[in-house]
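According to Swiss-Prot:
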BINDING   H113, H117, D310  Fe cation binding site
BINDING   A142, I143, S144, G145, G146, D175, G188, D192, N282  substrate binding site
Amino acid sequence: MIERVLAIETSCDDTSVAIVDRTGWVHSVVAASQDLDHEIYGGIVPEIAARNHSIALIPLIEEAFKKANMNWSDVQGIAVTNRPGLIGALIVGLVTAKSLSQAKHLPFLGVNHLEGHLLAPFLRDDKYAPPEDFGYPYVGLAISGGHTSLYQIKGLGDYRILGATKDDAAGECFDKFAKMAGLGFPGGVRVDQMAKAGNPQAFEFPRSMIHDDTFDMSFSGLKSSGQRMLEQLGPELVQERLPDLCASFQEAIVDVLIAKLDRAAKVFRSKRVILTGGVSANSRLRQRAQEWADKKGYTLVIPPLRYCTDNAAMIGYVGALRMARGEVSALDLGPSPQALASDFK
């Protein structure tokens, strides 16, 4: 029986390793950030990301075992992200997992990165545990640099996509605006920080599809509007009004996300909702979502920051659950830039 796994996450630019029980208990989770390596380029360079994963991964595995005070005899399997993500980055994690699987005579399983985000609220450690009454079913909004989607989660492997962005992801929109405004990388964090000193009503930005009777979203118009606004103001005025610009731009994104989450919770009569993914670390989104949930009487779960951003703990939890019911991957498993058709309904 699979009780505990070593987990590897290398889908984008963060290298992460964790040791996780199928109960969701995280014995250790460690990570190596590449922000400084990509900052000078204003975004993620896939080849650099893959190269850095290959350098960081083995030392992180050793660190994860040391931090958990465990060794290879304490795990019964290996979970690794194999989709979706940057192909070069995924290959590093996948090849490492396969090699360790063969060397240590342990089964391994490829895990969908997005499924990890959807089940991240169930993770627990010395400082975090989900509410006692939290469980299936629930509505989840997964928001990151590459994905912005609404789901209905009924159980392990039982996920329904309700809606998604038709173009740019919310995280991508934050990053592009930050780059155009000269804030650098990572953009979402910089906009969030700058916005705290600004007025969210100072500038008017579009909120596409906010009143649409679907769960879909669109952020490309907002990105274009942000570019036009910056060009119209000019460099000097942009710098002078940067806090207001960031606050107003951020508010437009948050308004759309909250509106779609509210619609989904109403339509599916869900009293339990989650925010997950890297953008759920945004302080304004967290504040607005909590205010909304308190007003509506919903149970809102937002994992702590360490489990919102890309991390191996969520991959390990999904992997441990699936391997405990007999699922394993073959050695010919490959990486995929997209989720599989069978992953979601």
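Just so you know, the numbers here start at 1 and follow the chain as drawn.
Even glycines carry a Cβ here, placed using N, Cα and C.
Shown on the structure are the features that Swiss-Prot records.
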residue	record	DSSP class
H113	Fe cation binding site	helix
A142	substrate binding site	strand
G188	substrate binding site	helix
N282	substrate binding site	coil
D310	Fe cation binding site	coil
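Take the Cα of G188 (substrate binding site) and measure to each of the binding-site residues H113, H117, D310: the nearest one is D310. Of the chain residues outside the Fe cation site list H113, H117, D310, E9, S11, T81, L114, G116, S144, G277, N311, M314, I315 have their Cβ within 8 Å of the site's Cβ mean position.
In this structure, the C-alpha atom of G146 (substrate binding site) lies 13 angstrom from that of H117 (Fe cation binding site).
Burial estimate for the binding-site residues (G146, G188): highest at G188, by number of other CB atoms within 10 Å. Geometry remark: S144 (substrate binding site) versus D310 (Fe cation binding site), CA distance 9 Å. A separation of roughly 7 Å, to the nearest angstrom, links the Cα atoms of A142 (substrate binding site) and H117 (Fe cation binding site).
Among the residues A142, I143, S144, G145, G146, D175, G188, D192, N282 said to bind substrate, no two Cα atoms are farther apart than 18 Å.
Taking the Cα atom of each, N282 (substrate binding site) and H113 (Fe cation binding site) are about 20 angstrom apart. Its Cβ placed at the centre, N282 (substrate binding site) has 26 other Cβ atoms within 10 Å. There are 25 other Cβ atoms within 10 Å of the Cβ belonging to S144 (substrate binding site). In this structure, the binding-site residues H113, H117 were compared by how many other Cβ atoms lie within 10 Å of their Cβ, and the smallest count belongs to H113.
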